[in-house]
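Visitor: Dropping a structure here in structure tokens format, bear with me for questions.
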Amino acid sequence: GSIVYLGMMVGAFFWGGLADKVGRRQSLLICMSVNGFFAFLSSFVQGYGFFLFCRLFSGFGIGGAMPTVFSYFSEVLAREKRGEHLSWLCMFWMIGGIYASAMAWAIIPHYGWSFSMGSAYQFHSWRVFVIVCALPCVSSVVALTFMPESPRFLLEVGKHDEAWMILKQIHDTNMRARGQPEKVFTVTRIKTPKQIDELIEIESDTGTWYRRCFVRIRTELYGIWLTFMRCFNYPVKDNTIKLTAVWFTLSFGYYGLSVWFPDVIKHLQSDEYASRVKHFRNEEVSHFVFNFTLENQIHSNGEYINDRFIMMKFKSVTFEDSLFKNCVFEDITSLNTYFRNCTFVNTTFYNTDLEQYKFVDSELINCTFFHVRTGCQISFDDDYSAYWIYFVNFLGTLAVLPGNIVSALLMDRIGRLTMLGGSMVLSGISCFFLWFGTSESMMIGMLCLYNGLTISAWNSLDVITVELYPTDRRATGFGFLNALCKAAAVLGNLIFGSLVGITKAIPILLASTVLVCGGLVGLRLPDTRTQVLM
């Protein structure tokens, strides 16, 4: 998870800056293509290192989507409906989350979907899920090839003929929809074009091809850096500093608690499961055939002589200080099963998944292993608690739907600042209800409430960020803040994840404090409801 966030952090800054240099549509096409390619590739690779490499670059590609698409969409919207329509755009983040969690719930538990070609290549159901999650990205790349460039960007770089044609197309389409096709599109004022970078022109005429590529890349990166530094110049410097505080606090609190919630629920499940464990001590069993499932048991100081363990499933079973002599283990599937400080004498293992790491401080004397199965062998039908992971994720994602609808309808009515500050403060206050979360159902309810309150803050923050930056640095500023958001998310995951099962007080107080403080800073931002995009 963290490697994807790392890729998104770098990608948001890079692609956002590139969108201000080469255009919104062009930047989106490239970054989504990078994401789609590496997402598909990660589904088929077998090595863990190469898999992480693919996920890193997939995250690098998708990181550019947020800053670029918000800048792109905002620049073709009328001021009166800009907040509402940007909020509807925010909803598709939620729809993507619902799609991903629903697909995970529907696909990953189906262990029977897997196949293998020898021991070198295995394809499990989670790989199908990775492919399915990449399909919307491929669809968006295809759709973007039919989309025009942002007319505001074209005007910014001096391509007013192309901008005029796109604006005329938008005007004519809207007038036909209103039943007024006779209205003519006219332009009364136009911006002066920017100067083209002379260094690039000189190199393209005189340098070798690799020299031209090097200079082009170096100049583009330097241009991105200069654009980023201008985000800290007057008149946007104060806004950038305030937005930095709000983005960091909201991301830290939201993503920190988002990883804390499922882990706490899992911890509650584990505690409840452990409380029902059965202990068996000093067993002496001989000439017996075990052919049934053993679950949630601890066997201590036992002796098993001439016993056969045939076609069995061991689920959360531990054998301690026990002796197995002249026994046979055949067709065994195990989950969380260990033999600690045990002794095996003249014992045969055939077609089992009992690998060496499951024998902790155990002694094996004259034992033989045939056809040892490696990897995860248990199915989700046998591990029902795994369904909860996806079900809770699905409910948490679905819970933001009411907040999305409310924020879209009220964004242009009550204003961005009221919604941002109010949502963050209410989210911080709602954290205190976690004190009373002593069961799975209560924690799931708290998760849904928290997600539903927080989404309005995210939507209003996206809208404010887009509206506070001028066109020539809009995507760069958004990209920087989105990169900061991913850094805060990784930090939140690490800090909150380390506190699971230790204490509730610190995560609750920490999340409440950062959210309330961030909301109060957000109220100090300028109101952009009636502002024309710069």
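Cβ from N, Cα, C; glycine included.
Keep in mind it's a predicted model, so treat the numbers as computed, not measured.
As annotated by TrEMBL, domain 'Major facilitator superfamily (MFS) profile' applies to 1-529. The annotation transmembrane segment is assigned in TrEMBL to 50-74, 86-108, 128-147, 243-261, 387-410, 417-436, 442-466, 478-499, 505-525.
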Visitor: If I count Cβ-Cβ pairs under 8 A between the transmembrane segment (86-108) and each of 128-147, 243-261, 387-410, 417-436, 442-466, which range comes out on top?
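Guide: Looking only at 128-147, 243-261, 387-410, 417-436, 442-466, the most contacts with the transmembrane segment (86-108) come from 387-410.
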Visitor: State, in range form, which of 128-147, 243-261, 417-436, 478-499, 505-525 has the highest count of Cβ pairs under 8 Å to the transmembrane segment (50-74).
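Guide: Looking at each of 128-147, 243-261, 417-436, 478-499, 505-525 in turn, the most contacts to the transmembrane segment (50-74) are made by 478-499.
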Visitor: Need one number: mean pLDDT over the domain 'Major facilitator superfamily (MFS) profile' (1-529).
Guide: 83
